[in-house]
Amino acid sequence: MAGTMSSIATDGRRTSSLVSSSAQPTRWAWLLLPGSIFLVVLFVVPLTGLLLLAFGMPNWTLANFSRIGDTPVYLTVMRNTLEISLTVTALAFVLSYPIAYALTNAGTALRTVLLIGVVLPYFTSTLVRTFAWIVLLGRNGVVNQFLLEIGWASQPVTMLYNRFGVILGMTHIVMPMMILPMYTVMSSIDPKLMRAARANGASPLAAFLTIFLPLSLPGLIAGVLLVFIYCLGFYITPALMGGLSDVMITMAISSQILEQLNWSFGAALSVVLLVAVLTTLWVGSRFFPIEQLLGFSDGKAGSNRGRRQMGAQLLLRIGSTANALDRWFPSMGGRTVPILASFLAVLLLLPVGIVVYLSFSASSYFVFPLPGYSLRNYEAFLFDALWVRATFTSIRIALMAVCMAIALGAMLAFGLSRGAMPGRGALVALLLSPIIMPTVIVAVATYFLLARFGLQGTEFGLALGHAVHAIPYVVVIVVANLRDLNPSYERAARSLGAGSWATFRTIVAPLVMPALIVAAFFAFLASFDDVVYVLFLGIGKITTLPMRMWEGIRQDISPTIAAVATLQMLFATTVIVVGTLLRRKKTT
């Protein structure tokens, strides 16, 4: 899933518990061993092997990297990747900040509506959302049909297979990833600070610029970093919506590995992408320490006193300027931001909503508006052996991945929460890396490892890759649950004579079970929706449901795909609802 790292990365209260110094018995630390070995073998070792392959081991040569620098085509690919990533990140920030701000200050009803508009697309697969934009922007798509109908265009407008389509689709997909970390930080800002600033004579604009905006910077930086990194490694949307002049580095990697079978050069391109990601993280840490951003430090920075004094002077000048601007240009009404945020949230839901609408078409091709309603597309899915077989393949692989992720992730969560060990911060960084690194890099590296053992093109090998990607979600969800457990329950059980195992079995396990169920749902969803791992690890021998959709979108877009996409969105919605109900049950 595209993604989903965004809300994890900035929830300092949650991730800080991963590195809390209050961890108690050392005997819990042994639980860290199985999961750590699993991640080292299936994540660290493959990345190391990728690096060695790029340098032509055992001959140790820079020929692959020289070829990248000497070939204009690949320099253009690098430029495309950077330009598109920067543009999408900037657009996503501008469009996401009003939604995050409105979420923080809105009433219960509006907040619920906005959260639905953000969370539902967030948990809808990237492939489904990309398909939605293809349906909307195609030559005979919904947008062109609408423009022709109202007379704003005399012929179809080209909005697909060019940079416009790529940027629009990518921006829509990454906006939830930008919103969630900003909202996490904004929601922790004490509203009394803004009221105090207003009471001391600051205008609304001055209070926002000098109080709210600086305090929201950690979420802003997290969102920008995560979105930019995600854009650098974006594959699905550029591959389906881009043209020949908009090739990004992930598409070049895919071509070298899957089509030209030039593994060493594909590995070199992957290393270039990896270096770009690590450089981005390093540059981001210069502005705001990454360890503090992820909750790995206590935030003490006494050596930055001079920087803070300069910042205070700058904020005073900004406040004075904002007050002057407010005198010349009256502040916008209080409803402007909520209205804008509501409009943007509707736009987030609109593409997938139209796909749901079109899935009930009585026509054998896409027509807008529908000529009639029918369930023919759902029947075509349910009674087509290829679709059904692909669905069961996805379920089998996802169940294997869930079993591994839950078993190893739960042990890691207990070990991190209850165990005491050195190097805890490094272990947490290892745990989060699989969902920070671009999926293409991890998939390519894993492919080279599995190929050594003949596991490429097998369901078990694919499940191993999915498990690596799912473990971080399991760890974060379970650790958050363990953090919230009342320790008095365990102390009471032990005071009544219960041993460690009895206390765990009768007290801890039942209380943690809802979190494990939620984690299992999310791990299943991450595996079930995947395309990139299947492309590289399946090597054409495995056809999962998303892979069947991928092939259908690339070859011949059928309304049946809209029905499949709708069912996938329904499943994602069910996961969200079940998770919410389980959390409410736990709190009550």
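Cβ from N, Cα, C; glycine included.
Just so you know, TrEMBL annotations are computer predictions that nobody has curated.
Among the features that TrEMBL reports, transmembrane segment is placed at 28-55 (among others).
TrEMBL lists 78-284 (among others) with the feature domain 'ABC transmembrane type-1'.
Here TrEMBL flags 84-103 (among others) as transmembrane segment.
Marked as transmembrane segment by TrEMBL: 115-136 (among others). Nonlocal intrachain contacts for the transmembrane segment (115-136), taken as residues 6+ away from its ends with a CB within less than 8 angstroms of a stretch CB, comprise 1-4, 99, 103, 142-143, 160, 165, 168-169, 172-173, 175-177, 179-180, 183, 236-237, 240-241, 344-346, 348-349, 351-352, 354-355, 358, 366, 525, 529, 531, 546, 549-550, 553, 557, 561-562, 565, 568-569, 572-573, 575-576.
Non-local neighbours of the transmembrane segment (164-185) in the same chain are 2-7, 9-11, 84, 87-89, 91-93, 95-97, 99-100, 103-104, 118-119, 121-122, 126, 129-130, 133, 137, 215-216, 218-220, 222-224, 226-227, 230-231, 234, 237-238, 241-242, 246, 344, 347-348, 351; each lies 6+ residues outside the stretch with a CB under 8 Å from one of its CB atoms. If you look up TrEMBL, you'll see 164-185 (among others) marked as transmembrane segment.
Residues or ranges marked as transmembrane segment by TrEMBL: 205-236 (among others).
According to TrEMBL, the feature transmembrane segment maps to 263-284 (among others). Tertiary proximity for the transmembrane segment (263-284) is limited to same-chain residues at least six positions away from its ends with a CB under 8 Å from its CB atoms, namely 47, 50-51, 53-54, 56, 64-65, 67-68, 74, 78, 221, 224-225, 228-229, 232-233, 249-250, 252-253, 256-257, 290, 293, 436-438, 440-441, 444-445, 448.
Taken from TrEMBL, the feature transmembrane segment covers 337-366 (among others). For the transmembrane segment (337-366), the list of distant contacts is 95, 98-99, 101-103, 105-106, 110, 113-114, 116-118, 120-121, 124, 128-129, 131-133, 135-136, 138, 140-142, 172, 175-176, 372-378, 557-559, 562-563, 565-566, 569: same-chain residues at least six beyond its ends, Cβ to Cβ under 8 Å.
Residues or ranges marked as domain 'ABC transmembrane type-1' in TrEMBL: 391-582 (among others).
Summarising the annotation, TrEMBL assigns transmembrane segment to 426-450 (among others).
Counting residues 6+ beyond its ends, the transmembrane segment (462-482) has Cβ neighbours under 8 Å at 4-5, 8, 11, 14-15, 17-18, 35, 38-39, 42-43, 397-398, 400-402, 404-406, 408-410, 412-414, 416-418, 431-432, 434-435, 439, 442-443, 446, 450, 455, 511-512, 514-516, 518-520, 522-523, 526-527, 530, 533-534, 537-538, 542, 586 in the same chain. Residues annotated as transmembrane segment in TrEMBL: 462-482 (among others).
Look at TrEMBL and you will find 502-525 (among others) tagged as transmembrane segment.
Under the heading transmembrane segment, TrEMBL lists 531-549 (among others).
The list of residues near the transmembrane segment (561-582) in space but at least 6 beyond its ends in sequence, with Cβ under 8 angstroms from a Cβ of it, reads 119-120, 123-125, 128, 131-132, 135, 352, 355-356, 358-359, 361, 366, 377-378, 380-381, 387, 514-515, 517-518, 521-522, 524-525, 528-529, 545, 548-549, 552-553. Positions annotated as transmembrane segment by TrEMBL: 561-582 (among others).
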Quick test of the contact rule: Cβ under 8 Å, at least six residues beyond the ends. What residues does that give for the transmembrane segment (531-549)?
125-128, 131, 235-236, 254, 257-258, 386-387, 389-391, 393-394, 397, 439-440, 443-444, 446-447, 450, 456-459, 461-462, 465-466, 469, 561, 564-565, 568
